[in-house]
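Feature annotations, reproduced from Swiss-Prot:
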- 1-102: domain 'C2 1' (DOMAIN)
- 17, 23, 69, 71: Ca(2+) 1 binding site (BINDING)
- 17, 69, 71, 77: Ca(2+) 2 binding site (BINDING)
- 134-172: region 'Disordered' (REGION)
- 454-474: transmembrane segment (TRANSMEM)
- 517-635: domain 'C2 2' (DOMAIN)
- 551, 557, 604, 605, 606: Ca(2+) 3 binding site (BINDING)
- 689-752: domain 'GRAM' (DOMAIN)
- 848-1010: domain 'VASt 2' (DOMAIN)
């Protein structure tokens, strides 16, 4: 039972903020179920018009509707509340209270404070939703079964309230009784249906029940297509914007686009005089078809009809009757949802179940030609009316029967209505991206964003007030400690007022400073074209909504970092924007392997070395998503700040393969070299079955599969499926299915354990996932440790060596180790040095150096130089300074007494930015001062504004003449600006502070290390 609540508007709300307004939103609660509306900014008469739906378990519950005022820094303020008893709604006429203004009550019962009013519509849905089944036995309601909450082909953002329907009924014109009879024909004599024991089924008639035969017989009084359209128009007028039902749990059997409008496709499929319907009956050979008229029910809120037919007799079975009910759950002119339920009591165990099929017709994507297209999605499930031991076999028969029948259905429909070619959809990418242009923000708009606030306004008014006071005031006599030119406060009140004025002016000056820094648009990876052939990922960043504000000004300086297959792209920084507009396009260089996920992270910019504040993050999973659905999508952000503000990003994502040739064959050839064994290309039928088994997109292809055992409490025999992006396991024992998969990128480690008695003498492959990854596959995990890592154990492979080599090759292809990344960076650095002939240091003379650090260390120069020696002291010092994955090349002689090397590491301070540091160092001997000169050029990768500058360091070490075994160190610092930016001072200051901290830490460690060595030598 569903309670529908529509929150329309409120009026005369009290002002809760100092600006004389409120930021109201509504929170609804029924039992443990909670929902809330959006926040309406600065409004005392807000309008929402949002619908909500709650499951009702107890009529004694109360619906609590609270109005609150959003506060960004403290707890939200309570405005008022309404309590409505569920039993009051249930006992009302038509189970509806109508649309009524309710007074908001204060928290304290005795208070007479006027809290305003709220307009609500509260009612019960007159019939259960398609997912709230009322039958008994094995059936499960949608509110309790996670299997029924699959992703809908309709936009999930509209999932506010369920659609209304009659009792769930109706399945398509196609049946699957033949599949059942083939399964049960061997047991037809001993196994009789629960409710059909009096019926005898001739085994000679069990052949073509899965080929329904329809001969259309319409009576004169049945509804015409005109009355059918009138009924739908009446239903459309009463549509309340409810959410179309989600796909049913049995799976999707048709998901196709057609070049026709949704309303026309609906007429083609369900009009009483439809020529398609007649052609389908002729093709499938069904006779004695009786199509009832469409009738309005529930005061026109739903439309329903009944169809009956007779299956033709065959050599195996006699004729079988079927009754089908079709009910419109939704019809609003754009989206149509029809639930069909079919009963076939004459098939074996036919009295124990009904089959339900859901047809969803919705608008398709926009085509370049401008023509309308529609998306047809057909899903199914079994509704068991009573328990039966043959449930697993019935489900298998239904699945195969529906698959065969709807292949005929889709092929016939494609002959009547032109399907959309995938090439036409691909062209839509160019059209979708061509309209995106990143427009620079004007200085006037930026000034309004910075200065249109209470701080500036109050400071301006106070300044005018003080100025007028100075004009009219008489100068006071000099007293106390005052003298000419110095006028001190003469009272505590004057002192407080002076302090307030100083603080206000300071804040205004800070705003002016930030405004001057933010005037110029900052660079990004927007417009950088991808290189190479392969899988090309294109991401269009449109806008962000309700990003969290971390600055005292109530705004943020957001930018986005996209990461896929180890490659990153960074957007520009939008200053003082909580709802920024980007309109930027990012292309990732072509990848040999199709990407599995796209990680999206939103940061607030405050200097390249400051601790990054994450405003939210999201993950776009290409394996679980249909790429066509990502062409225009709103991605909700995760994280404490993002979820509190309900932050979202508007993205357009396209994934194409730009290389020629056979993608599958090329990839398999690469894997064959790693495995050392030929890998056969799987047939299209096998690949299609693999994709449907795990719900994968069409570009996913099967590489190999192995029979093995999954080790849990008890070994489970099944098959391990390996593709370019996933590891999947499937087993079906006595009708109990075990199915899961996880990504190669989720695997942290793969181990091979020696054979044991429990593994039946076979080696065990242990796959350990990264913390909190692959949680959807935890059903197959052997253990789940305290760090949140899942471990999967597989053993008893028929050919263990081939399976192990294939697994390791695929894992290595998707997961590069840090050493491999270091090696790649070193090779790239060497090639760059050779091509530029050590030209990195040619510009050092143009850099302005300033001394930033100097001290005298009680260590000899020879020991100090171990800091650059590449040995244990070098490594420990870098780790102590927060440098991860540190690697360095050996010193090589460039010319007389000049040596050079390259280093690579990840700095903890910028690791949140996915930043890496590469540097080139040169050292030369200074004989006249008995010391060394070390020069270093550092380049920051993946850091905001990192491509705007290079860092230059110069270390001068010389032996102290006054004290033996003492080194005098001076460090000089300079920045080589490659591009102009108004943030030079801000970036320079940020880097300088962090550099000084790092030098103190490094030199302090060096002194302690030398002291410990001296003590060890004295002991020995």
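Positions of Cβ are set from backbone N, Cα and C atoms, glycine also.
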Seminar exercise, completed: Smallest number of other CB atoms within 10 Å: among the binding-site residues 69, 557, that is 69
Problem set entry | Neighbouring C-beta atoms (10 Å sphere around the C-beta of residue 604 (Ca(2+) 3 binding site)) | 21
Seminar exercise, completed: Same-chain, non-site residues whose Cβ lies within 8 A of the 17, 69, 71, 77 Cβ center for Ca(2+) 2 are 16, 22, 23, 68, 70, 76
For this session: Could you say whether, by DSSP, residue 551 (Ca(2+) 3 binding site) belongs to a helix, a strand or a coil region?
Result: coil
Seminar exercise, completed: Simplified to three states, DSSP reports residue 605 (Ca(2+) 3 binding site) as coil
For this session: Report the nearest neighbour of residue 557 (Ca(2+) 3 binding site) in space among the binding-site residues 23, 69, 71, 77, comparing Cα positions.
Result: 71
Seminar exercise, completed: Whole-number Å distance separating the Cα atoms of residue 605 (Ca(2+) 3 binding site) and residue 71 (Ca(2+) 1 binding site) is 23
Seminar exercise, completed: The most crowded of the binding-site residues 23, 71, judged by neighbouring Cβ atoms within 10 Å of its own Cβ, is 23
Seminar exercise, completed: For residue 77 (Ca(2+) 2 binding site), the spatially nearest of the binding-site residues 17, 23, 69, 551, 604, using Cα atoms, is 69
Problem set entry | DSSP three-state assignment for residue 69 (Ca(2+) 1 binding site) | strand
Problem set entry | Per-state residue totals over the domain 'C2 1' (1-102) - DSSP helix, strand, coil | 9 helix, 54 strand, 39 coil
For this session: Quick one: of 17, 23, 71, which binding-site residues lie within 10 angstroms of residue 604 (Ca(2+) 3 binding site), measuring between C-alpha atoms? Sequence order, please.
Result: none
